[in-house]
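Annotation comment: TrEMBL describes 464-476 as compositional bias 'Polar residues'. Look at TrEMBL and you will find 30-436 tagged as domain 'Major facilitator superfamily (MFS) profile'. Residues or ranges marked as region 'Disordered' by TrEMBL: 453-476. Taken from TrEMBL, the feature transmembrane segment covers 28-48, 68-88, 119-142, 196-216, 252-271, 291-311, 323-340, 346-371, 383-400, 412-431.
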Amino acid sequence: LLPTGPGEETPGAEGSRVPQTALSARRFVVLLIFSLYSLVNAFQWIQYSIISNVFEGFYGVSSLHIDWLSMVYMLAYVPLIFPATWLLDTRGLRLTALLGSGLNCLGAWIKCASVQQHLFWVTMLGQCLCSVAQVFILGLPSRIASVWFGPKEVSTACATGVLGNQLGTAVGFLLPPVLVPNTQNDTDLLACNISTMFYGTSSIATFLCLLTVIAFKEKPQYPPSQAQAVLQKSPCAEYSYKKSIRNLFKNISFVLLLITYGIITGAFYSVSTLLNQMILTYYKGEEINAGRIGLTLVVAGMVGSILCGLWLDHTKTYKQTTLIVYILSFLGMVVFTFTLDLGYIIVVFVTGGILGFFMTGYLPLGFEFAVEITYPESEGTSSGLLNASAQIFGILFTLAQGKLTSDYGPKAGNIFLCIWMFLGIILTALIKSDLKRHNINIGITNGDIKAVPVEDSPTDQESKTMMMSKQSESAI
């Protein structure tokens, strides 16, 4: 995709002038830095759960304590998402990125001081800081994609941003069982291995934090798309966060997407958190293979994410793709549930990969679909609410599935998730597909699309009206 030169005007209707757009080469640097520190944050989320039995023995705590090291990510997100999205919308992308990367780095270093058997509370403190960092991370992929990338690459860019987080989960499944093997009979060796993992993580997080300070910029010199150009005409000082929230909750399609996204992503969080316990129920002593199965699940999902992003950029079939992927995720969950106890771990690798391909591949679909049906509302706000829904469902599903798994076995817990995912399919089918951002980019507008300032001055209102009318003329 070739950039429009900064001195050129984008073609429009005869005699009309529309805002100039251009693509900046720095967009790839910004996306790469974000993806990498998001990776480290996701790694820290799952690094305890995948070897839960090892940390239970080291700290002398119950499995529920270790589960909370994962669930604290979900718990912290819900109350903090509103101030975090307000900060993103009013103070900008760079400050939000600095907070996410900086808190992630600080939390990693605090955990380095927790490698003693009586210091579980210190590792929980470090994990709490990492969970706060996550609040400033999860909502950024769609905002970075919209602010920095053109209309023909925005979905792929969003999928790549989500990919970094998924890759972190994959590495979190793979490395901890290798770096920290189950050596409960040698506590000193176990402490040394845990320390190695913590110090390695904190060193990488520090390097990425410095990169964020140096190279992560607020926005490009010129907007990358007509949709961004229209939004940038709305002065930041006049933006109403409360009004934006109200507009989102008045949008029935978005509310339905909020629920369905929460269900499928919450189910993924629950499966990821409890995977070690499920695998070890049927396959004793297979901690390393449990991690590899988790890796397979997430890597397959990474492939699914990129393919879905490319497909959306090519077809713009948001609802159809979302519904099909949701149905296939449900079928994958059913197959995984009823093959887990067959006694052949290779089967679990295959079914886990199928489940991950569709379930994790859904994540960027939800983000981009939300941006389309809620334009011109802030991408950070819609993404933040989707993630908050996912965290709420994730906590509830993890607690419920964990209880069912402990009392009745993994099959009962997985059937519980299948029922909820079937409900999600029904609700997804009810979502109305109104692609507002796409319509702006191809020059089609309607009277219902308006910016979100509280009250425009006459001059600002006149300029916006002229811009929207000119774009309408170009579509006729």
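Including glycine, each Cβ sits where the backbone N, Cα and C put it.
Here the structure is a predicted model, which means the values were calculated and not measured.
Counted over residue pairs separated by six or more positions, the transmembrane segment (323-340) shares fewer than 3 Cβ pairs under 8 angstroms with the transmembrane segment (383-400), which leaves the two as not touching. Counting Cβ pairs closer than 8 Å and at least 6 residues apart in sequence, the transmembrane segment (68-88) and the transmembrane segment (412-431) reach fewer than three and form no contact. Confidence over the domain 'Major facilitator superfamily (MFS) profile' (30-436), given as mean pLDDT on the 0 to 100 scale, stands at 87.
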